[in-house]
Amino acid sequence: MPNASSWSASSPLLLLWEDSSGTRIFLSLLYAVLAISGTLSNVMVIYLVFSFKKLQTTSNAFIVNGCAADLSVCALWMPQEAVLGLLPPNSSSLRSPEYRLLRGGLLGLGLTVSLASHLLVAFNRYVLITKLPSVYQALYQRRHTGCMIALSWALALLLVPLLPGLWTPGSAQQPPPRQTDGSSRYTALLLALAVLGQTALLLHCYLGIVRRVRGSAKRVSVLNFHLLHQLPFPAAPPPPRRAQRRLSSVSVLLLCCVFLLGTQPLVWVSLLGFFLRPAPPALQAASWLLLCALSALNPLLYTWRSEEFRRAARSVLPRSEGSAAAPRPAAAAGPAAA
């Protein structure tokens, strides 16, 4: 059906070719939920890090960089997808190549920097746990850390214009993605290989941390970096003893599993389409959706185990009158007991 084809080709994620209003409404609602939750969580993490000095660490600087990239997906790209999902398939807004390139650029920029930030956080923690403090201090000076963050954005800005066929897989007049040219297939292959390489490095870092901690009598917390080097990244002494806590293997395993669940389906769908035959449209849509949903989950992955983040969040969130009034009887009972 021409209408369904024009709809599916106008968006990287809406690849379900059946002309079903129910499918479009469901995807729109899903994008709306992810956009709201992802925007709030990313903004909250950025606000907390900039507002509380204890959270201004090197590792959190990379987390904030990832949150800023995820805002490009959650706050700028997903709302547009939610609105476009409610428009008729033959809407003129879906036919504009400039508008498709803009949406694709937002998506590509956000996902590229976000994936790079995952790797920067993992490598930062790997160096901190497995290397000498002097090596960590020399590597993560203010200038070097700023260059790493700037390099992630420069790489994304360089790659996004080179991959238009990936983020905007066609126009309204082109056939479905099953008949795309060779350049799009090679683009998808390069994407799959790049994500596979990034995933291998990330897993190497976290597995190296686990091996180091299990083989040492010194237990160091991987997910709580609030007592480490503070911005603007001065040469600081080794972490105090109270920061040396037991490694939470479950937390590391959960982080790796969520990351793999969000990235690997698209990788194997792309490899399947290159070497064998294109995957079913529903599977393609689901793989893209999982990758983009990772932008809404990233803030929780890196902060839910941090007591400093939870304490900072409780201090800025409004408290109910009952919780605020609870300590009063105890305070009043003090003088009476005395």
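Keep in mind that glycine also has a Cβ here, set from the backbone N, Cα and C atoms.
Per TrEMBL, the features are:
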type	residues	note
TRANSMEM	25-50	transmembrane segment
DOMAIN	41-302	domain 'G-protein coupled receptors family 1 profile'
TRANSMEM	62-80	transmembrane segment
TRANSMEM	100-123	transmembrane segment
TRANSMEM	144-167	transmembrane segment
TRANSMEM	187-209	transmembrane segment
TRANSMEM	250-276	transmembrane segment
TRANSMEM	282-304	transmembrane segment
Take every residue in the domain 'G-protein coupled receptors family 1 profile' (41-302), average their pLDDT values, and give the whole-number result.
77
Long-range environment of the transmembrane segment (25-50) - Cβ separation under 8 angstroms, sequence gap at least 6:
13-14, 16, 56, 60-61, 63-64, 67-68, 70-71, 73-75, 78-79, 81-86, 289, 292-293, 295-300, 302-303, 309, 312-313, 316
